[in-house]
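Novice: Have a look at this one.
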Amino acid sequence: MHDKILILDFGSQVTQLIARRVRDARVYSEIHPYDCDPEFIRKFIQEQGGKGIILSGGPNSVTEDGSPRAPQIVFELGVPVLGICYGMQTMATQLGGAVASAESLGKAREFGYSEVRAHGHTNLLKGIQDFSTSEGHGILKVWMSHGDSVTALPPAFKLMASTESCPIAGMADEDRRFYAFQFHPEVTHTIQGTAIIERFVHEICHCKPDWVMGDYIAEAVEHIRKQVGDEEVILGLSGGVDSSVAAALIHRAIGDQLTCVFVDHGLLRLNEGDMVMEMFARNLGVKVIRVDAASTFMGKLTGVADPEAKRKIIGKEFVEIFQSESGKIENAKWLAQGTIYPDVIESAGKGKKGAHTIKSHHNVGGLPEDMHLKLLEPLRELFKDEVRELGVALGLPREMVYRHPFPGPGLGVRILGEVKAEFASLLQRADAIFIEELRNTIDEVSQKSWYDLTSQAFAVFLPVKSVGVMGDGRTYEYVVALRAVQTQDFMTAHWAHLPHELLGKVSNRIINEVRGINRVVYDISGKPPATIEWE
């Protein structure tokens, strides 16, 4: 049995990052709603290998009546507890401290970079710092996002960290092994966040670092076999990383009981349909049915400009096609999807009490209530880096596993506004040029291609025209935007600082080789505030 960390979710959009950081430390973690049954929590800790509990952040205020609280049993089981942001505030409130809102303190909400001074030598922070002051105080560079603040420590707690604007930025009761931070150690902006979480799970909770993808394969295969039995499964194959790894994992578990349905909706990357068939049907021996549905999708999307409406239409059409194909497969009872954690968090999916919806994902947002197929989502609890690690462990080729993510709705969410076949054709060719040049351009320092140095890169079609000059003539043609980001987890991302020579070459090639486009721009927005995809 794996040692485990229980994460109680109070509705933060980055709760999954906590789980990712714990798993980075090779410790298994599970996320459950903050108001789950206390008996479940007791069994998780006492019978299922639970070694510690983390309380997440959230959008509520503990100063308001009826705001969420941690089940009291959390503080009675004798295991370490770590509170983060709202988790710190509810811990303080429930254990006898005090919390006040920014408004009542006459302060503004604190959001962004901050430098925190560590106090004393707690077991959690001892020796962890980014730099020290001339007085010898250890300083941490962290990310804050809060309105309320703890104003009085609970009995038996001591001050662990502070800033000028947040005098109690961390607290600790070392006898009970209760710790809490106002800042977010789970986000990459907190430089020592990984070290803090590793210290908590390894040295405070004494968890064994035994969570590896090889173990996950064995467990997932067993679970899939028990779940599916002798029934048939169909999987929507896109050729992207997630659906590819899901197909390989399910095929490992049930072999020919899996049939992949590859829907060519006319919104794929250039020549992608043929490449997908070559990779799966011929190289991996997986049963694949190719469905040419371009005209159907284009018809459904005619006149639709709203991005949420497009996603819902594309998702619904996918499901209907799968249902139709399942009728041709004897005993088909399951629809498999490559849904992963970021899909769920961006959809404010199951378990996200109080979370705010950002955008829906086609895997979780467009499923009809009367769907005749049961859902099989073997990657639902994994982050992108874990999915890639799993793909390698399954023996998939590197070019498949490390291919950049591609959205389920395809170019439907990379063509702003209404989707037209003309726009799709222009975008396919522009995007292919961008990716080709990224693969062919090697960074002198790392000796890696810029494709490998970026986490996701693509072109976006803008349904606006601009004036240009080609030869002696005036042109009035469309604009494409190039987007390239670098990220560790896809929850936050930085725009990639591509070489100007590379961008210039891509722009020249697109304008000269793709008739209908006369202007190329580069997106330099981070996430947040922007999302990675434009729609």
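Every residue, even glycine, has its Cβ placed from backbone N, Cα and C.
What Swiss-Prot records for this protein is below:
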type	residues	note
DOMAIN	4-210	domain 'Glutamine amidotransferase type-1'
ACT_SITE	Cys85	active site, nucleophile
ACT_SITE	His184	active site
ACT_SITE	Glu186	active site
DOMAIN	211-403	domain 'GMPS ATP-PPase'
BINDING	Ser238, Gly239, Gly240, Val241, Asp242, Ser243, Ser244	ATP binding site
Novice: Need the DSSP three-state call for Cys85 (active site, nucleophile) to compare against my parser.
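Specialist: Cys85 (active site, nucleophile) sits in coil per DSSP, no helix or strand.
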Novice: Check the Cα-Cα distances from Gly240 (ATP binding site) to the active-site residues Cys85, His184, Glu186 and tell me which is shortest.
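Specialist: Of all the candidates listed, Glu186 is nearest in space.
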Novice: Expressed to the nearest Å, what is the distance separating Asp242 (ATP binding site) and Cys85 (active site, nucleophile) at their Cα atoms?
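Specialist: Just about 32 Å between their Cα atoms.
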Novice: Any same-chain residues 6+ apart from Gly239 (ATP binding site) with CB under 8 Å of its CB? Would you list them in sequence order, or say none?
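Specialist: In sequence order, Phe262, Leu268, Glu272, Met275, Val276, Met279, Arg403, Phe406 meet the Cβ cut-off.
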Novice: Starting from the Cβ centroid of Ser238, Gly239, Gly240, Val241, Asp242, Ser243, Ser244, which together make up the recorded ATP site, report each further residue of the same chain whose Cβ lies within 8 Å of that point, ordered by sequence.
Specialist: Leu237, Val245, Ala246, Gly338, Arg403, Phe406
Novice: Should any of the recorded positions His184, Glu186, Ser238 have a Cα within 10 Å of the Cα of Cys85 (active site, nucleophile), which are they?
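Specialist: Cα within 10 Å of Cys85 (active site, nucleophile): His184.
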Novice: If one measures from the C-alpha of His184 (active site) to the C-alpha of Ser243 (ATP binding site), what distance in angstrom results, rounded to a whole number?
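Specialist: That comes out at 31 Å between the alpha carbons.
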Novice: Using a 10 Å cut-off on Cβ-Cβ distances across all protein chains shown, tell me which of the recorded positions (Glu186, Asp242) has the largest neighbour count.
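Specialist: Most Cβ neighbours within 10 Å: Glu186.
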Novice: I'm trying to understand the geometry here, so how far is the Cα atom of Glu186 (active site) from the Cα atom of Ser238 (ATP binding site), in Å to the nearest whole number?
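Specialist: That comes out at 31 Å between the alpha carbons.
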Novice: In the structure shown, with every protein chain counted, which of the binding-site residues Ser238, Ser243, Ser244 has the densest set of Cβ atoms within 10 angstroms of its Cβ?
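Specialist: Buried the deepest by this measure is Ser244.
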Novice: Near Gly240 (ATP binding site), how many other Cβ atoms are within 10 Å of its Cβ?
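Specialist: Summing over all protein chains shown, Gly240 (ATP binding site) has 21 other Cβ atoms within 10 Å.
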Novice: Average pLDDT across the domain 'GMPS ATP-PPase' (211-403)?
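Specialist: Within the domain 'GMPS ATP-PPase' (211-403), the model's average pLDDT equals 83.
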